[in-house]
Amino acid sequence: MTTKHSPLQIFCLVVNFLVVVLTTVVAFTILGRQYQLLEAIPGLFRNDLQKVAEAQPSPISPPQWLHCTWGVILVWQVVWAVHGLASICRTTFGFPVYTNPVLLTPLMLVLFMFACGFNVSWFILYDRLYTSTSCLFVFLMTSTAWTAYGLSLTALNFNYYRMQKTSMECEVCVTRVLVQNGLAAYAMWGVFVLAFNVAVALIHNTHTHTSENMATIVAILVIACAQLIYLAVDVVCLDDFSRYIITPYFIPIIVLAACLFRQEVWFSTDINFILLTTLLAFAFLSLMAKSAWTTYKIIRNNTGGGDITGSGPSSPVNESYYLLK
């Protein structure tokens, strides 16, 4: 571990902060236009998210207030970006915090910057009713966000044992709460934006001529596959990495409940009602399963079963490799 600063990492942390702030400003610009408030960048948008939803409606379009989720999630990203900047000025054991250890890796930061870039592109394209093209950009945004999230999990898991031995539990908690839960919320929200965008594109694209019911089923399948895959991977494969990441379980509940209560028809024979209700029930069950599994693992490990991550006593490690030098 070097006592010197890393110019590359400092550059990535600073640029990441600027990119996240710019993305947040763009998001608040379109939200400000939607709610007839001050636009941070006047003239950037011609419409707003609600006007697009009214011009090109779909059976599962989210309610107007749910668009504010963009602001909440992006402010969360700004908070952890500020945390990254602050780590440049802080030291621990004589080392800069951001290098001791490296939790916000340059690759992870670059990928997240790309995600923000795709996000801004999506805002502009969607505002101009290029709903088919915008599907590609929201897909790229979501994919890069999930990849950045995975790299963050890997970096923390790799350094966890050493951080525990050197009493850096506070830094571990901050990383889990701010960075990883924030990235996971951003990525899962992207899945829902993608699904809604796909439904709109299928219905209103003159080349596809897809019925509203079929477009709804396709969008629901996107959401269902994302929920199933995430639950399976999170609990079965990545439990040691993501045990305290819970935002991907709350996002579906909030979004699906909002879409369900927006439905004008509440009949047991209505396909939209059936699909949304099923997904919402699964989202609740997933949250319960995650909570029960996490509680069980914590209780078991605190009663002598080993550390709460894979690098504890239950997994022998070479301490000379992990401890600070």
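Quick reminder: no glycine exception, Cβ is built from N, Cα and C everywhere.
According to TrEMBL, the transmembrane segment annotation covers 6-31 (among others).
Feature annotation from TrEMBL assigns transmembrane segment to 65-83 (among others).
Note on the transmembrane segment (103-125): residues 8-9, 12-13, 15-16, 19-20, 22-23, 26-27, 30, 44-45, 77, 84, 87, 131, 133-134, 137-138, 140-142, 144-145, 147-148, 151-152, 155-156, 159, 171, 175, 179, 183, 186, 193 of its chain, located 6 or more positions outside it, place their CB under 8 angstroms from a CB of the stretch. The transmembrane segment annotation in TrEMBL covers 103-125 (among others).
The transmembrane segment annotation in TrEMBL covers 137-158 (among others). Taking Cβ pairs closer than 8 Å, the transmembrane segment (137-158) reaches residues 101-105, 107-109, 111-112, 114-115, 118-119, 121-122, 125, 172, 175-176, 179-180, 183-184, 186-187, 190-191, 193-194, 197, 238, 240-242, 245, 309-311 in its own chain, all 6 or more past its ends.
For 183-203 (among others), the entry in TrEMBL reads transmembrane segment.
The annotation transmembrane segment is assigned in TrEMBL to 215-233 (among others).
Positions annotated as transmembrane segment by TrEMBL: 245-261 (among others).
Residues or ranges marked as transmembrane segment by TrEMBL: 273-293 (among others).
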- Note on the structure: Sequence-distant contacts of the transmembrane segment (6-31), meaning Cβ under 8 Å and at least 6 residues beyond its ends, amount to 37, 39-41, 44-45, 48-49, 67-68, 70-71, 74-75, 77-78, 81-82, 84-85, 87-88, 96, 98-99, 102, 104, 106, 109-110, 112-113, 116-117, 119-120, 123, 127
- Note on the structure: Per the Cβ under 8 Å criterion, with at least 6 residues separating them from its ends, the transmembrane segment (273-293) contacts 60, 216-217, 220, 223-224, 227, 231, 234-235, 239, 246, 249-250, 252-253, 256-257, 259-260, 263, 265-267
